[in-house]
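Visitor: Sharing a structure, written as structure tokens. Questions coming.
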Amino acid sequence: MKTNFVILLLLLCVFAISPSQQEEINQHNPGIYHQKLLYKVQQWRTSLKESNSVELKLSLAAIVAGVLYFLAALISSACGIGSGGLFIPITTLVSRLDLKTGKRFLGQYLIWVILLLGQLHECKSCIEKERVALLDFKKYWMSITQESDLDYVFPTWNNDTKSDCCQWESIMCNPTSGRLIRLHVGASNLKENSLLNISLLHPFEEVRSLELSAGLNGFVDNVEGYKSLRKLKNLEILDLSYNNRFNNNILPFINAATSLTSLSLQNNSMEGPFPFEEIKDLTNLKLLDLSRNILKGPMQGLTHLKKLKALDLSNNVFSSIMELQVVCEMKNLWELDLRENKFVGQLPLCLGRLNKLRVLDLSSNQLNGNLPSTFNRLESLEYLSLLDNNFTGFFSFDPLANLTKLKVFKLSSTSDMLQIKTESEPKYQFQLSVVVIRVCSLEKIPSFLEYQKNLRLVDLSNNRLSGNLPTWLLANNPELKVLQLQDNLFTIFQMPATIVHELQFLDFSVNDISGLLPDNIGYALPNLLRMNGSRNGFQGHLPSSMGEMVNITSLDLSYNNFSGKLPRRFVTGCFSLKHLKLSHNNFSGHFLPRETSFTSLEELRVDSNSFTGKIGVGLLSSNTTLSVLDMSNNFLTGDIPSWMSNLSGLTILSISNNFLEGTIPPSLLAIGFLSLIDLSGNLLSGSLPSRVGGEFGIKLFLHDNMLTGPIPDTLLEKVQILDLRYNQLSGSIPQFVNTESIYILLMKGNNLTGSMSRQLCDLRNIRLLDLSDNKLNGFIPSCLYNLSFGPEDTNSYVGTAITKITPFKFYESTFVVEDFVVISSSFQEIEIKFSMKRRYDSYFGATEFNNDVLDYMYGMDLSSNELSGVIPAELGSLSKLRVMNLSCNFLSSSIPSSFSNLKDIESLDLSHNMLQGSIPQQLTNLSSLVVFDVSYNNLSGIIPQGRQFNTFDEKSYLGNPLLCGPPTNRSCDAKKTSDESENGGEEEDDEAPVDMLAFYFSSASTYVTTLIGIFILMCFDCPLRRAWLRIVDASIASVKSMLP
């Protein structure tokens, strides 16, 4: 009720305007909707304040009109009329009233008033026939819906006779007749091959709009057949988009609906040539949307649709530029959307015939050449997009010079051969509101921009522009809201001293700007919402004037050379900041030692600076909103303060590579929403916390500290990544509480002892396992073949990417909404160090591009332990493994031939063990193998050759004196070489036990022969026998003398 009174008061203000202003309303807004009305009211009231010549008067007509508007609002609300209801006809009526016609109101519009008031006395509910039909429709719909979703099928539709079906969801009725005029059925979980029985819609004789985006396969009517839709003689709008299962067999049904003015078949997976001939009877069609399918030419048959004004063929696979000849014959077109197809070649000259065309979108094709000269005939053109094409050579704007109505122009090229032809004379007659010329190898700003006065969005990014930033664009265009100049070669940024502008989005990142940020930037741009000046060469202090940017929500100045302390005015004045990125600079001093005004801060990144001292209490200003905090790579000292656990909204915390001491506060790891915590590279001591908080998988980095004691079993309950490398942890490998979530486990360089737990075999989602440089002993469990070491349903990224559409709408039409999209990303890069190919490298994940190297790394490192026994042949089933390192242990027996199944292996290190036998010839099938090291073992036989083995040098085989052949300098016996080549190395596996048997036999024979010889010698009387007996007697006498 309060809303209705406000509308009434607004209307009274509306009619207190001049006749000329009222005439403008009549011409441009014959039907005013609510939000447009409020905008107009504000606009007109502003203009009245600027004009003192207009006297505010209130006519009787205005009062009557306002009352009618109020009554219509009240009744529309009571009758459940959506989208305007009675507002539209009454607004159309009262918008014709002004002060001059007010006196003639009762005479000229009396009949309309009588008819209107006659209809206001009551609202009609839905008729019984249609209520029953709706219940039948619901029953049928439930029969084709999956059982799991039955409770969601039109829950407000019930069989209560007191229930007004006009109030049901998805329904709109005519307020006077009570007849259904709109039926909307959204996405549903339907059974396969579900067909809609159109005869169920026949009772709705006055329906005007059918929206069936539900997942149907088609239509059926066993009585009327293809002619079924002709029963709906008032049907004007048919929306069948997003069904995804339709094909061309529905077109005969649609062709019968000859009253249609709007048809949408968007996103239905329709393939092949579209049979336009099958909808040739839709002669009243004004809008046709076939976007997001897999359609291709020819387009013959489109010419039958002579009244068509809007055609959307975007996101298909049309390719031949000659197919547009058919489109050129459609001279009544207002909008033509052909973006994201595969059109190749130059634009045809015939497009110039479409002199009524207002919107033309040709973006994301493979067009080349230049604009046709005939484009100068497109006198109605308002919107032209040529983004993401393959334009080359000189590109001229001359064909657009006389297009006085042009408001939006967009151009970019996938080729680096494009050169923009610039003009020196101001001959262009258009006044643009949006200009986008990006990725065009532009070296000079087009001169026509100097004469534009109404620009609201300018995007000149990804070019080769140099010199001064074009701040003159601000002076010339007071309504400019968005200025994007990133990825250029600008070197100087100077702000005019006197300017104060309304600019809200400024991006000049990735340039070559050096020197100081302008001192007056905060005064000149006080209304900025977002500013990105990252990846430049700025130096010096932050200007204190930035504290005047009270509305700024995002500031990114990372990757520069700023220095000094953060200005006090900055940390107290920018109270709207949500995202602050100052990474990779030289800021110094204590970090936020006092309270700040950052009460809304969600993301704070100050990593890789020179901040010193303890972690400042200023962080507590945003204790409930702060989600991302990165203070890594600074010079922070002291303990980790216990109050940091009050930052209850933290999801990412990184304070690695500082000089923090003391123990880890258990309450810090108990924060409920943490997804990543990195405390590595400090001087932390004490034991590990017993558990971590959070409901999701946590990535925990504690490596390179001085932590001691055992690893608690409960610590592993919720982790996805656990990095404990290079501490002083002891005890055995913990019992894993939850083995499903862990996919990176790194425990290198500790003092772990005992055998390898068989629970390691339950790490089914593991990608990287590093237990090297410990004191583990015993056998390698053969059950390790259970490990996946391959792509699973896990990913290494941490963070969010938020897409936000700003409130600006620079242009809007049937198919096009030109607004400004802001993407805010809060990704945290993950660094994992792992030994591969004889190097200890870093592998990164969690970048914004989702092609992280870390996502493709699968490895196992058990080196530098005390493991013994045989290498389990079952390890050969780890086919996705890229790295295996078993070096520096006490492993014996032979190399399993099953290792030939390691198809993706790149690095295999078995060096410094006690392996015997030969190298299996089958290993030459490992086509990805780059590093192979079996040095310092007891291997023998011929070194295999072929494929990757031809690339390995002698270092791979050092310390194996019984190996022969290339690349060693030891030759092999010719016969042995022949035998081994014939046997393919398979018999070599049996050589080890045969050689050992011969060794044992020869040793025993020698021992027995020696004993027999001594015995025989004693049986003969000879000087040797007597000498031996004397020695024995002397020895006995000596022993007796020693006894008491």
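From the backbone N, Cα and C atoms, a Cβ is placed for every residue, glycine too.
So Swiss-Prot says this about it:
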- 23-996: topological domain 'Extracellular' (TOPO_DOM)
- 232-255: repeat 'LRR 2' (REPEAT)
- 501-525: repeat 'LRR 13' (REPEAT)
- 550-573: repeat 'LRR 15' (REPEAT)
- 623-647: repeat 'LRR 18' (REPEAT)
- 1018-1044: topological domain 'Cytoplasmic' (TOPO_DOM)
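Show me how these features fit into the structure around them.
Guide: Counting residues of the repeat 'LRR 2' (232-255) by DSSP class, helix then strand then coil, yields 8 helix, 3 strand, 13 coil.
Tertiary proximity for the repeat 'LRR 13' (501-525) is limited to same-chain residues at least six positions away from its ends with a CB under 8 Å from its CB atoms, namely 461, 466, 469, 474, 478-495, 531-540, 542-549, 556-557, 806, 820, 822.
Model confidence over the repeat 'LRR 15' (550-573) is summarised by a mean pLDDT of 95.
Beyond the ends of the repeat 'LRR 18' (623-647), by six or more residues, the same chain brings 578, 583, 591, 599-615, 617, 653-665, 667-668, 670-671, 673, 678-679, 684, 799, 826, 828 to within a C-beta distance below 8 angstroms of the stretch.
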